[in-house]
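Since the structure comes first, as structure tokens, the remarks are kept for the end.
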Amino acid sequence: MIRKKKKVKKIRGSRTCGGGSHKKRRGAGNKGGRGMAGGHKHKWTWIIKYCPDYFGKYGFKRHPSLVKRLETINVGELEEIVLKNPDKFEKEDDKFVVDVIELGYEKVLGKGKVTIPMIVKAVEVSEKAREKIEAVGGEVVEL
């Protein structure tokens with residue numbers, strides 16, 4: 001059986017309920033405002049010390065409509081697609097002709113392995129992808 005009296009019960013009746021002076025524990029007024037209030041005034045030294053970059057302008061964000069994002073595909077994935085359905089792709093001099101734009105992509109990146117020679121047509125091709133395609137006897141055609 002618990003015989004200890006709760007702290008709240010002991011405190012009830014006293015004006016400040018264990019908060020010290022009546023001036024203390026007055027809410028946000030006691031802390032100099034809520035959050036970052038006073039950052040340019042009485043909390044300026046704190047800002048300078050702990051958040052020096054809080055105020056001011058740094059760079060800008062371009063509007064999403066102006067940002068050009070290319071749909072990308074890796075060389076390894078491209079080869080997988082060709083190997084799964086080889087009858088969908090034309091052949092020129094024993095090389096598969098892969099038009100990346102028809103597949104819904106614009107740029108070819110260099111992740112993965114290339115084992116079959118391909119003629120890859122794309123808007124952009126990374127250096128690594130170009131090296132891998134040409135290493136097995138393929139070609140790259142930038143549109």
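In case you wondered, yes, glycine gets a Cβ from its N, Cα and C as well.
Under the heading compositional bias 'Basic residues', Swiss-Prot lists 1-13. Within its own chain, the compositional bias 'Basic residues' (1-13) is flanked in space by no residue lying at least six positions past its ends with a Cβ under 8 Å from the stretch.
Across the compositional bias 'Gly residues' (29-38), DSSP classifies residues as 3 helix, 0 strand, 7 coil. Here Swiss-Prot flags 29-38 as compositional bias 'Gly residues'.
The region 'Disordered' annotation in Swiss-Prot covers 1-39.
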Tally of residues which DSSP labels helix, strand or coil - the region 'Disordered' (1-39): 9 helix, 0 strand, 30 coil
